[in-house]
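One structure below.
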Amino acid sequence: MNASTAYATLNNGVEMPWLGLGVYKAEDGAEVEQAVIKAIEAGYRSIDTASFYFNEEGVGSAIKKSGVAREELFITTKVWNDDQGYESTLRAFDQSMDKLGLDVLDLYLVHWPVEGKFKDTWKALETLYKAGKVRAIGVSNFNVTHLEELLKTAEIKPMVNQIEFHPYLLQEDLRKYCKEQGIQVEAWRPLTKGDIFSNPTVQEIANAHNKTPAQVLLRWNIEHEVVTIPKSVTESRIIENSEIFDFELTQEDIRKLDELNEDKRYGPDPETFDF
Ligand SMILES: NC(=O)c1ccc[n+]([C@@H]2O[C@H](COP(=O)([O-])OP(=O)(O)OC[C@H]3O[C@@H](n4cnc5c(N)ncnc54)[C@H](OP(=O)(O)O)[C@@H]3O)[C@@H](O)[C@H]2O)c1
């Protein structure tokens, strides 16, 4: 198995690669284009962008230049908070699709659970899904309470919840709830932007497997059945991050990494964010 053959199956039967390239903070134009092209060359088939990353055009142009058939790729984008609500989400979707240069999207996510709006936003995603404009719909940064609220009125269950996840933030209750509901969990900030690389436990496990800390962290996501989308614009790191399908962590490794949990967030808390 490798990056281009390892797929999770979503609750509607759509297959989503376990590994994707994140492009938050990759600059539109040459930087993001190069990163996406190098990733596709390295076997990545999934790209995670958002209107808020302001690089959908670069992602779209890289997809065209990559030479890989559109149906082999899995493209995710997200509706930003300012665009939430029914009509405005439909408009935001069209804008994202124009920038990406796509007819059909693979996954559209509600970026954050904006209070008083996310249920109308979800209705718009359901409309897009029913119209065949997007193959899967999901949410991001939704806690159990947000999901419970959404499911009271949702006609279609989210297929994915993209959340901050790494050994310092285990999110056990949320992952358990998602599993029970058939919602695939996807990790953002899986590498903690490198902050956790120097942790002795991570280093010890990396040495034991002759792998790098980044590879251990990403493999730990896979062992937890969490889709992962590390970001890099550096070719050697893009390749390094894809080489996670040729080894396995032991139960002991996984336990040790799980025990690093401190409920520590690098990003905003979905309960208190104010943007
Ligand atoms: N839904 C949300 O609210 C949300 C929030 C944040 C992120 N995300 C998504 O999740 C993706 C990943 O999260 P993230 O970008 O915040 O953080 P991350 O993937 O944990 O870390 C990315 C950083 O680590 C560096 N890096 C990557 N691979 C490395 C390696 N093998 N060795 C050393 N350093 C390495 C990158 O540097 P270089 O690029 O310079 O190589 C970059 O600075 C984002 O790009 C985005 O797509 C979603």
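Any Cβ shown, glycine's included, is placed from N, Cα and C.
Residues or ranges marked as active site, proton donor by TrEMBL: TYR53. Neighbour list (TYR53 (active site, proton donor), Cβ cut-off 8 Å, at least 6 residues apart, same chain): VAL23, TYR24, LYS25, ALA26. In the three-state DSSP reading, TYR53 (active site, proton donor) counts as helix.
Positions annotated as substrate binding site by TrEMBL: HIS111. With a 10 A radius on its CB, HIS111 (substrate binding site) counts 21 other CB atoms from all the protein chains.
Residues or ranges marked as domain 'NADP-dependent oxidoreductase' by TrEMBL: 24-262.
The site 'Lowers pKa of active site Tyr' feature in TrEMBL is assigned to LYS78. Secondary structure at LYS78 (site 'Lowers pKa of active site Tyr'), taken from DSSP and collapsed to helix, strand or coil, is strand. Within its own chain, LYS78 (site 'Lowers pKa of active site Tyr') has THR49, ALA50, SER51, PHE52, TYR108, LEU109, VAL110, HIS111, SER140 as residues 6 or more apart in sequence whose C-beta sits under 8 angstroms from its own.
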